[in-house]
Amino acid sequence: MSSSKLMDFGLTWIIMMMILLQGCRSCIESERQGLLEIKAYIISVITDPHLDIRRGWMSSDRSCCHWRRIKCDITSKRVIGISLSLESIRPPDPLPQLNLTFFYPFEELQSLNLSSGYFKGWFDERKGGKGLGSLRNLETLDLGVNFYDTSVLPYLNEAVSLKTLILHDNLFKGGFPVQELINLTSLEVLDLKFNKFSGQLPTQELTNLRNLRALDLSNNKFSGSLQKQGICRLEQLQELRLSRNRFEGEIPLCFSRFSKLRVLDLSSNHLSGKIPYFISDFKSMEYLSLLDNDFEGLFSLGLITELTELKVFKLSSRSGMLQIVETNVSGGLQSQLSSIMLSHCNLGKIPGFLWYQQELRVIDLSNNILSGVFPTWLLENNTELQALLLQNNSFKTLTLPRTMRRLQILDLSVNNFNNQLPKDVGLILASLRHLNLSNNEFLGNMPSSMARMENIEFMDLSYNNFSGKLPRNLFTGCYSLSWLKLSHNRFSGPIIRKSSDETSLITLIMDNNMFTGKIPRTLLNLRMLSVIDLSNNLLTGTIPRWLGNFFLEVLRISNNRLQGAIPPSLFNIPYLWLLDLSGNFLSGSLPLRSSSDYGYILDLHNNNLTGSIPDTLWYGLRLLDLRNNKLSGNIPLFRSTPSISVVLLRENNLTGKIPVELCGLSNVRMLDFAHNRLNESIPSCVTNLSFGSGGHSNADSDWYPASLLSNFMEIYTEVYYESLIVSDRFSLDYSVDFNVQVEFAVKQRYDLYMRGTLNQMFGLDLSSNELSGNIPEELGDLKRVRSLNLSRNSLSGSIPGSFSNLRSIESLDLSFNKLHGTIPSQLTLLQSLVVFNVSYNNLSGVIPQGKQFNTFGEKSYLGNFLLCGSPTKRSCGGTTISSGKEYEDDDESGLLDIVVLWWSLGTTYVTVMMGFLVFLCFDSPWRRAWFCLVDTFIDRVKDVLGVI
């Protein structure tokens, strides 16, 4: 070939390549216009300024194939992939609907990603519900993390070319949508996790999905026995995920048909019985999780020895009756595992096959009965180990290898370790991100090397015997630390000796130690703090105003020695939901205004606060505890806190009447106004409160903000097996448990209520006030109240017969009042009644007998001299005892008013003594004879004493 021809060929080749490359950058004009219309629509319904599509897809750019989120065919220049995932934005309000007509120009579209778009539905202006059928090449459709419900399912049934359908994290509910997906016979991957599907799986209809290779139904509400459901007809399955549902019964024998199964996740159900032998036939199995079920009997690890592809094995049982044995495992497994979890398996020793495992990344042997010295060899054999969980066992002495550069998670909590930490622990575990040593008996100081753990994010040393000062550079060296809990130790000295604004600390929990000094200003450097708990220490000084500069969610400084006024800035922290300053020596008044509407719990009891209670507290307030202060004035109307549930105002100086406006608080479950000076009558409208007939259903719900009860920490590990749906992830969920306690007098003692028990408690305490008038009949409508205390007032009239409707009542105290009449016999119907006290009233008649009333002693009826029958010693003698009706028209005069009786006795005594003194003042023979008699008596006494 001549050089000229060769040059011509080269130029032709270059020109063709340039044309081809240019074609890759351009696209069909109709599709470019379609993309611009999609952009305009999204911007119109989602106004988030951070939406990245605003900065791309420019109308001036004609080469749409290189736009972000767009993929084109390299030869035809047609758009084959569109991704509109908007996961980084805030959800719009209101939620928009998506117009499907925008996608019809893309006739060659193969993949459409609409995940995290915050859409609630679809509409189709041109083709009704059949529009997706025009996208004949569409194989992958991702609708995950939206607000879709079953209204979009009919649209999906037209997309007959689909091979992958992802619907996770939506609002779908009802049964498995087999009819809506009946035409999708080519479907290979179906992801329905994190929805609200329920009921049993269909039996016959699933055969229409016979090509399914991966099915994920986890985190729904499917139920029933797997033996009666049609899932076994899907014999082509390679992945089956059914975790976190309500399936029950044994693993069905038909599962043995899944010869191609690589992933099987049945965790967190109610499966029971023995684990079947046929799991040894799953020769392709890579991932097998049977965690958190009710399995029992013996399980031989020999069943997994032949699974040569196995990488992940997880097993635990809630029944406590599962026992692992090592038969036919003498030479170890034929596979090298990446993750092994054997929790709640009654293991008394570490399985021997682990000696032969050298590629483990995750080891979980928690919640067993393992004991002895810490198994250092697990770390030495598996140099790539990332997570070791041995919590809830009985290990003792802790020893560590020289180095563990890969270990990220170490949980040794709830064991019996009783030695000091190695001085170089921070250097050995230099890569550690998560350390939990809580609930042991570790001694001594925190080693200074722990201040050099640059990667540590979570550290829990609570409930040990650590002492001494914290390392000086703890908060500067551990600059990745976001969660620190040191509760219930004997640490002393200042809280923070040195800090840096580079520290990312979010949660600081240091309660129940011996820290001293003032609240340090070095806290200001920890600008990301959202949780501070310094309660039960020895802190002094005042509460600094600058604490109000943090974006705190929780602030607890209770039970210290703090003085001075409460800074008003604390009441204006935007997202503060718990403020606990109780048990100090704080003084001054409460701030009149608060700009935060997020506060849930305000606990200021056991201080020296004065002034009135403002009616402008947090709008979202649920719990208000101001007990044992010196507050005065009237009870506030709580107009600005309509959701309040618990109001504790006992032992203050409150006066006036109980406001009728309280009856509008439909969520109240506890009212404690005892030991004040409230007067007038009890309003009859209290029946509108939530523990009465007018209560709302949400009184039963947990009134804590659910999103604030826990701190969820996820640590993603490497992918250990191949998955068609999602890779495995290792996560830890540690509660930030603040144990908010409510103290309420029940059954003649103070009980503590928190969380679950708090939601079940309903009580009203108006004792030790100056209330008068009759007890309202309407109080009998408080059908859910468990404790009612009206003692030590001046209430009159009779005991309402309507009290027989208090079917949940456990404690009823009406003592020290002016009640008269008989005890209603209907009260014997109160089967939950444990404490009943009507002592020191003017009651009369026969004491009712039967059921709970047979358990009450005489103390329940003292001071009622006209009551007769058991348990008093007064017999009714067959005579008709006055019922006291003749006194009902005159509440001020009982037959034997105790007060009048004592006044009469006192007057008589004073009169006699005064008469005797007057008698002695006159000089008369009688007076002289009296003194002679007294002198003679004194002489006789002296003589007797002298003889003795």
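Placed from the backbone N, Cα and C atoms, the Cβ positions cover glycine too.
Under the heading N-linked glycosylation site, Swiss-Prot lists N99 (among others), citing sequence analysis as support. Taken residue by residue with DSSP, N99 (N-linked glycosylation site) is part of a strand. For N99 (N-linked glycosylation site), other Cβ atoms within 10 Å of its Cβ number 17.
The Cβ of N113 (N-linked glycosylation site) has G81, I82, S83, L84, S85, T140, D142 as same-chain neighbours under 8 Å, each 6 or more residues away in sequence. Annotated N-linked glycosylation site per Swiss-Prot: N113 (among others), in sequence order, evidence recorded as sequence analysis.
Per Swiss-Prot, the feature N-linked glycosylation site maps to N183 (among others); the stated evidence is sequence analysis. According to DSSP, N183 (N-linked glycosylation site) is assigned to coil rather than to any helix or strand. Residue environment of N183 (N-linked glycosylation site) contains 16 other Cβ atoms, counted within 10 Å of its Cβ in all protein chains.
The annotation N-linked glycosylation site is assigned in Swiss-Prot to N328 (among others). For N328 (N-linked glycosylation site), the count of additional Cβ atoms within 10 Å of its Cβ stands at 12 [all protein chains shown].
Counting every protein chain shown, 16 other Cβ atoms lie within 10 Å of the Cβ of N381 (N-linked glycosylation site). Positions annotated as N-linked glycosylation site by Swiss-Prot, on the basis of sequence analysis: N381 (among others).
Positions annotated as N-linked glycosylation site by Swiss-Prot, on the basis of sequence analysis: N436 (among others). In this structure, N436 (N-linked glycosylation site) is part of a beta strand by DSSP. N436 (N-linked glycosylation site) is surrounded by 21 other CB atoms, counting those within 10 A of its CB over all protein chains shown.
Within 10 Å of the C-beta of N465 (N-linked glycosylation site) we count 14 further C-beta atoms, all protein chains included. The N-linked glycosylation site annotation in Swiss-Prot covers N465 (among others) and rests on sequence analysis.
Summarising the annotation, Swiss-Prot assigns N-linked glycosylation site to N653 (among others) and lists sequence analysis as the type of evidence. Taken residue by residue with DSSP, N653 (N-linked glycosylation site) is part of a strand.
Residues or ranges marked as N-linked glycosylation site by Swiss-Prot on the basis of sequence analysis: N679 (among others). For N679 (N-linked glycosylation site), applying a Cβ distance below 8 Å and a minimum sequence separation of six or more within one chain yields T655, G656, K657, N769, E770, L771, S772. DSSP gives N679 (N-linked glycosylation site) a strand state.
Residues annotated as N-linked glycosylation site in Swiss-Prot, with sequence analysis given as evidence: N789 (among others). Neighbour density for N789 (N-linked glycosylation site): within 10 A of its CB lie 24 other CB atoms from the protein chains shown.
Classification of N837 (N-linked glycosylation site) by DSSP places it within a strand. Taking the Cβ of N837 (N-linked glycosylation site) as centre and 10 Å as the limit, one finds 19 other Cβ atoms among all the protein chains shown. As annotated by Swiss-Prot, N-linked glycosylation site applies to N837 (among others).
Under the DSSP three-state reduction, N842 (N-linked glycosylation site) is assigned to strand. As annotated by Swiss-Prot, N-linked glycosylation site applies to N842 (among others), with the evidence given as sequence analysis.
Tertiary proximity for the repeat 'LRR 4' (184-208) is limited to same-chain residues at least six positions away from its ends with a CB under 8 Å from its CB atoms, namely 144, 156-157, 159-178, 214-224, 228-231, 233-234, 241, 724-726. Taken from Swiss-Prot, the feature repeat 'LRR 4' covers 184-208, and the record attributes it to sequence analysis.
What Swiss-Prot lists as repeat 'LRR 5' is 210-233, and the listing cites sequence analysis. Long-range contacts of the repeat 'LRR 5' (210-233) within the same chain: residues 168, 176, 185-204, 239-255, 257-258, 263, 265, 271, 723-726, each at least 6 residues beyond the stretch ends and with a Cβ under 8 Å from a Cβ of the stretch.
Among the features that Swiss-Prot reports, repeat 'LRR 6' is placed at 234-257. Mapped onto DSSP helix, strand and coil, the repeat 'LRR 6' (234-257) counts 5 helix, 7 strand, 12 coil.
For 307-332, the entry in Swiss-Prot reads repeat 'LRR 9', with the evidence type sequence analysis. Using a Cβ-Cβ cut-off under 8 Å and counting only residues 6 or more beyond its ends in the same chain, the repeat 'LRR 9' (307-332) has close neighbours at 262, 267, 272, 275, 280, 282-301, 338-347, 351-353, 355-357, 364, 367, 720-721, 728.
Counted within 10 Å of its Cβ, the other Cβ atoms near N842 (N-linked glycosylation site) come to 24, all protein chains included. Between the CA atoms of N789 (N-linked glycosylation site) and N653 (N-linked glycosylation site) there is a gap of 19 Å. In sequence order, K630, L631, S632, N676, R677 are the residues of the chain that are 6 or more apart from N653 (N-linked glycosylation site) and have a CB within less than 8 Å of its CB.
Between N465 (N-linked glycosylation site) and N99 (N-linked glycosylation site), the C-alpha separation comes to 63 Å. Nearest by CA distance to N842 (N-linked glycosylation site), out of the glycosylation sites N99, N183, N328, N436, is N436. Long-range neighbours of the repeat 'LRR 15' (454-477) within the same chain, counting only residues 6 or more positions beyond its ends whose Cβ lies under 8 Å from a Cβ of the stretch, are 408, 413, 430-448, 483-494, 496-500, 502-503, 505, 509, 522, 525-526, 713, 732, 734. Ranking the glycosylation sites N183, N328, N381, N436, N837 by Cα distance from N99 (N-linked glycosylation site) puts N183 first. Recorded residues N436 (N-linked glycosylation site) and N183 (N-linked glycosylation site) have their alpha carbons 52 Å apart, per Cα-Cα distance.
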